[in-house]
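Everything below concerns the one structure shown next.
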Amino acid sequence: MLIIAGLGNPGAKYSENRHNIGFMAVDAIHRRHRFSPWSKKFKAEIAEGEIGGEKVLLMKPQTFMNLSGEAVGEAMRFYKLKPADIVAIHDELDLPAGKARMKTGGGHGGHNGLKSLDAHCGKDYRRLRLGIGHPGDKERVHGHVLGDFAKVDRTWLDPLLDAIADNADLLLQPDESKLMNKLALATGGKEEPAKAKPEKPAGQSHIRQARNNAQPKKLPETGPMAEMLKRMFSKKDD
């Protein structure tokens, strides 16, 4: 079994907030796939089902964002799961709006929901980071994350949520590149090309290349430059 936990705040007051994009993503998955109706357990709304033949528990912690780890940690211990069996979906200030990135482990970056998950579940869970953009001023961050998405945001938000639901099976796979490309294309981005390795000259090892690059350059023996160098480095007469 795997847990897909969307992070957010409970209640109609917060339902359209940028901070609740994790809840929105899990709701989209729930609508697209065959899951049980939402019920309450582990201090969360939960639904059970399958994605790609894998048993999945969808979770929307009802503890408020800053205590999300209490709910997810309780479910993790109940099912005897490891942090690697958890996918957390959350808003990300440090990504442009509509961009998505997958990450395993690492720091919480000041995100209180992740900070709580770190405390209750360990750090080695997977995170689907959904960009909501930064307001540009630290003083405006609180109002930005707790503000509702604007109508214009729906041009990227709805396709992004649909793509997450359509490709939820890729959330469960270790190769994250396929999911990232699907989400990028859905929001009008380009498929990310594989990074090409630089070619090395035939017959030379990387060590020999480094040695060759370190060889001193041959200095000119004739011409104005040669005369200037001779004057600079020749000994002056007493």
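Cβ atoms here come from the backbone N, Cα and C positions, even for glycine.
Since this is a predicted model, take the numbers as computed values, not measurements.
Taken from TrEMBL, the feature active site, proton acceptor applies to His19. Just so you know, the Cβ of His19 (active site, proton acceptor) picks up 23 other Cβ atoms within 10 Å once every protein chain is counted.
According to TrEMBL, the feature tRNA binding site maps to Tyr14, Phe64, Asn66, Asn112. In three-state terms derived from DSSP, Phe64 (tRNA binding site) belongs to neither a helical nor a strand segment and is classed as coil.
The feature compositional bias 'Basic and acidic residues' is assigned by TrEMBL to 189-200 (among others).
Taken from TrEMBL, the feature compositional bias 'Polar residues' covers 206-215.
Sequence annotations record features per position, and here TrEMBL assigns compositional bias 'Basic and acidic residues' to 228-238 (among others).
Annotation comment: TrEMBL describes 187-238 as region 'Disordered'.
Residues or ranges marked as site 'Discriminates between blocked and unblocked aminoacyl-tRNA' in TrEMBL: Asn9. Mapped onto three states, the DSSP output places Asn9 (site 'Discriminates between blocked and unblocked aminoacyl-tRNA') in coil.
With a cut-off of 8 Å between CB atoms and residues at least 6 apart in sequence, the same chain places Leu7, Arg18, His19, Asn20, Ile21, Gly22, His111, Leu130, Ile132, Val145 near Asp91 (site 'Stabilizes the basic form of H active site to accept a proton'), listed in sequence order. Residues or ranges marked as site 'Stabilizes the basic form of H active site to accept a proton' by TrEMBL: Asp91.
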Checking the contact step here: among the binding-site residues Phe64, Asn66, Asn112, which have a Cα within 10 Å of the Cα of Asn9 (site 'Discriminates between blocked and unblocked aminoacyl-tRNA')? Phe64, Asn66
When you measure from the Cβ of Asn66 (tRNA binding site), how many other Cβ atoms are you left with inside 10 Å? 13
